[in-house]
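Positions annotated as active site, nucleophile by TrEMBL: Cys329. If you look up TrEMBL, you'll see Cys203, Ala204, Ala205, Pro206, Gly207, Gly208, Lys209, Asp227, Asp254, Asp272 marked as S-adenosyl-L-methionine binding site. According to TrEMBL, the feature compositional bias 'Acidic residues' maps to 430-441. Residues or ranges marked as compositional bias 'Basic residues' by TrEMBL: 463-480, 488-499. According to TrEMBL, the feature region 'Disordered' maps to 403-499.
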Amino acid sequence: MKEEKKERRLAQKELDSSVKINVAEEDRFVLPSAEEQEREAGLPADLQALKTRIHDIVHVLSDFAARRQADRPRQDYVTQLRRDLCLYYSYNEFLMERLMDLFHLSELLDALEANEIQRPVTIRTNTLKTRRRDLAPSLIDRGVNLDPIGPWSKVGLVVYSSQVPIGATPEYLAGHYMLQGASSMMPVLALAPQHGETVLDMCAAPGGKTTYIAALMKNTGMVYANDANEARVKAVVGNLHRMGVTNAVISCTDGREMPKIRPAGFDRVLLDAPCSGTGVIAKDPAVKTSKDEKDIQRCAQLQRQLLLAAIDSVNAKSKTGGYVTYSTCSILVEENEAVIEYALNKRNVKLVPTSLTVGKEGFAKFKAKRFHPSMTHTRRFYPHTHNMDGFFVAKLKKFSNTIPGTEPAAEEQPSGPAPAPPQKRKADVDANDDEGFDEDDKAAAPSPQKKKRKAPQGQQKSPRSKHVGGKPGAKGKKWQKSVNPKARNPKKKGLNKKP
Ligand SMILES: C[S@@+](CC[C@H](N)C(=O)[O-])C[C@H]1O[C@@H](n2cnc3c(N)ncnc32)[C@H](O)[C@@H]1O
């Protein structure tokens, strides 16, 4: 009896394991053969089937040894994945390959999905004309649903919805705010222009960053807004007028000529360089198919020349500055870290921290490339991680006006106009400390350190979350209640003021 029971148990065990093996075999993903691929190529794309296969391949690649077909190398899976991703998301092979190099497989699909979704509308309060705590209630009264952009900015607002066109409100027309992407504020915060300085915005049009620089300088000193494109310079004129900027000079010339016009004549230079736009695909989907290797090389070549010109325009002996901030809305290493590395080798500059509290570190290593270890001071922003446009920001400090390989006498030559009057200062003052921001505003701004709100389920990893800058999904406190004048203490100064 006992023997019989034991035998039955063993038989059952055998049966169970053979069923398991069969099920596993049936579930095992099989790459399409050459004939299947050929057949598929002649048919219209089946998006649902493509999506399933993309996920299947990612699943296999994430534990390749256990899930692979014995006769197929890893490269076959990677090639099929690239082809499928190109077809599903409408990219060319060149750009998809670059994105696959940039992102780990676990991140790649999130990055591609984020490019299919628009970033939230964000605005920057113009502190030359108003304060955020005054602007927000005015817009709320017009039916604009908004919040502070994130703890990293004292002037930014994120607009969830609006009953009025946000680019045509009376406040907009009066220059109380600028429509400006969150990542576009980062280079200016990193530049940290100081009162009384002489600052060059080398590629300024349409002037989003120039107006921010002027606001941080409280219209003191001088901002030179230059752009090579005449038609775009007209937009700079309009924006500077609307925003009440009175410390600016506008010019239209090739930025590479700047050191000849005003050698080492600026305390700080912002180079927001022309680029491939691979960080703003959600805004301009044509980038998915319009860029190739040559375009990127052309961009990188111009960026290198502009960056050397930006460095040559800065006065290393400036008492308050001597800084260059370089930024692009590209996420490709060739246009970012590689351009900075080139400048580090060609000029007397070093990388310094950007003082930005958001963003990922730039690459000190990328594939076979090794950059200077200080490259980690640079900052990268991604749509899927920061819910803002893809961006790169680097800050350089110039430590000598001598250009390596040229006459040492260049150091002693007069270097443009006299530098800004010396100011007593500890270090580069954080731009964020000087944005016309006040304690009331601080109270209204969400403080994720103090009060962490759990994002609703399903939003945890989604770039659709409207909070900008922090982890996607970590939604900011709804500001409606906190800044709506009706919800506030009416005795508090200024809160009940009608706009
Ligand atoms: C990324 S956009 C600048 C955006 C601007 N900083 C803003 O925040 O509104 C790059 C600009 O570089 C300008 N540009 C291209 N080549 C240039 C050159 N060689 N010298 C100066 N500007 C140039 C383009 O006309 C374009 O307006």
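Any Cβ shown, glycine's included, is placed from N, Cα and C.
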Which of Cys203, Ala205, Cys329, the listed recorded positions, has fewest other Cβ atoms within 10 Å: Cys203
Integer Cα-Cα distance in angstrom, Gly207 (S-adenosyl-L-methionine binding site) to Cys329 (active site, nucleophile): 15
Assigned conformation of Lys209 (S-adenosyl-L-methionine binding site) - DSSP reduced to three states: helix
Among the S-adenosyl-L-methionine-binding set Cys203, Ala204, Ala205, Pro206, Gly207, Gly208, Lys209, Asp227, Asp254, Asp272, as the record gives it, the longest Cα-Cα distance in Å: 19
Chain-internal residues, separated by at least six, CB under 8 A from Lys209 (S-adenosyl-L-methionine binding site): Ser184, Pro187, Val188, Asp201, Leu270, Asp272
Chain-internal residues near Asp254 (S-adenosyl-L-methionine binding site), provided their CB is under 8 angstroms and they sit 6+ positions away: Ala228
The residue listed as 'active site, nucleophile' and Cys203 (S-adenosyl-L-methionine binding site), distance between Cα atoms, whole Å: 13
Cβ neighbour count (within 10 Å, all chains shown) around Gly207 (S-adenosyl-L-methionine binding site): 27
Spatial separation of Ala205 (S-adenosyl-L-methionine binding site) from the residue listed as 'active site, nucleophile' - C-alpha basis, Å: 14
